[in-house]
């Protein structure tokens, strides 16, 4: 049994090619597994990327497929929207090695605010055509056929000649954005995105507009002002209005009980009669004084009400019943005649507070 086992082992070894040994076959098959083939271009992958479904393709092949259907070419699973911006590279070191290049020169195509380096396969095709003196050559990029015009140094799609992009042959060490649409550094990615947006003027304009709006909002608001410790509305009156208001307050303070009573009536308050009164008002004199001073006193009362309306309403529906209640109060007094009555007068001070005075 042991000899049979050895014979089988020897037979399996003899099945290998004569120019290779078992150790050599194992060492040679390992690297071949690290270079997958692309099911789209049917060639070895250039900058292979892995989709969420674990299928591997060339980055440019996935880019072309996403333009057409945004689905995997094998299982039809959807490709994420941000996959082209953040692809899953199988060998990031290969990308950096490709940016350094193998020779002295490399081929580039024009991008926004910079140049992109062609992938290794396309660069070899361009260099071969250039060295042979060809005027143009065709390239398969992202599933589309492009024509490289080596005389005018432009490239365009074979079925769309209107859109042209500059190309050039330059040294390998020039500043570049990346290789075949893949950026070399994440930090550079952020900087370049900001510069591209600012070059268009969209982000810069929106940023300036946002700043102007933020600056305009606080300038339109004013702090609350105070009159004798009481807050008033944010709208500040003119200097003339402030002077007239102060004069009216001083006039109200110097006036007697008759002025306070008339201001009380002007606000729509009703008189409260009491049998224990000690004064008989002279209605004829009061009516004459009220008629003479109504024009001078009603104005400051209205101004004071307007300045304190937003903070504290004094008496509701006062302006609607001024004339009616004034006439009614005069009638009640004339009917009372020489009788005795007591009036509780509530006058308003300049600071907005009310006091009750017995007469």
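Each Cβ is built from the backbone N, Cα and C atoms, and glycine gets one as well.
The zinc finger annotation in Swiss-Prot covers 38-76 and rests on sequence analysis. Long-range contacts of the zinc finger (38-76) within the same chain: residues 83-84, 87-91, 94-95, 98, 119-121, 140-144, 179-182, each at least 6 residues beyond the stretch ends and with a Cβ under 8 Å from a Cβ of the stretch.
What Swiss-Prot records for 86 (among others) is ubiquitin cross-link, and it gives similarity to another entry as the kind of evidence. Of all Cβ atoms in the shown protein chains, 9 besides its own fall within 10 Å of the Cβ of residue 86 (ubiquitin cross-link).
Under the heading domain 'WWE', Swiss-Prot lists 93-169.
Positions annotated as ubiquitin cross-link by Swiss-Prot, on the basis of similarity to another entry: 96 (among others). Cβ neighbours of residue 96 (ubiquitin cross-link) (same chain, under 8 Å, six or more residues apart in sequence): 184. DSSP classifies residue 96 (ubiquitin cross-link) as helix under the three-state reduction.
Among the features that Swiss-Prot reports, glycoprotein binding site is placed at 109, 112, 116, 146, 155, 165, 177, with the record citing similarity to another entry. Around residue 146 (glycoprotein binding site), the C-beta neighbours below 8 angstroms that are at least 6 residues distant in the chain are 138, 139, 140, 155, 156, 157, 158.
Residue 132 (ubiquitin cross-link) falls outside any helix or strand according to DSSP and counts as coil. Residue 132 (ubiquitin cross-link) counts 8 other C-beta atoms within 10 Å of its own C-beta, drawing on all protein chains shown. Among the features that Swiss-Prot reports, ubiquitin cross-link is placed at 132 (among others).
All chains included, 20 other C-beta atoms sit within 10 angstroms of the C-beta of residue 177 (glycoprotein binding site). Annotated ubiquitin cross-link per Swiss-Prot: 177 (among others), in sequence order.
Look at Swiss-Prot and you will find 197-243 (among others) tagged as region 'Disordered'.
The compositional bias 'Polar residues' feature in Swiss-Prot is assigned to 217-235 (among others).
What Swiss-Prot records for 261-359 (among others) is region 'Disordered'.
Residues or ranges marked as compositional bias 'Acidic residues' in Swiss-Prot: 284-298.
Sequence annotations record features per position, and here Swiss-Prot assigns phosphoserine to 290 (among others) based on similarity to another entry.
The phosphoserine annotation in Swiss-Prot covers 294 (among others) and rests on similarity to another entry.
Taken from Swiss-Prot, the feature compositional bias 'Polar residues' applies to 306-324 (among others).
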- Item | Max pairwise CA distance, angstrom, over record-listed glycoprotein binders 109, 112, 116, 146, 155, 165, 177 | 21
- Task: Run through the Cβ atoms and count how many others sit within 10 Å of the one on residue 155 (glycoprotein binding site).
- Result: 23
- Can you tell me how the residues of the zinc finger (38-76) break down into helix, strand and coil by DSSP? 10 helix, 8 strand, 21 coil
- Task: Do me a favour and check the Cα-Cα span between residue 177 (glycoprotein binding site) and residue 86 (ubiquitin cross-link); whole Å is fine.
- Result: 15
- Taking DSSP three-state, what's residue 177 (glycoprotein binding site) in: helix, strand or coil? coil
- Could you find out if DSSP has residue 112 (glycoprotein binding site) as helix, strand or coil? coil
- Query: If you run the three-state DSSP split on residue 86 (ubiquitin cross-link), which class comes out?
  - Reply: coil
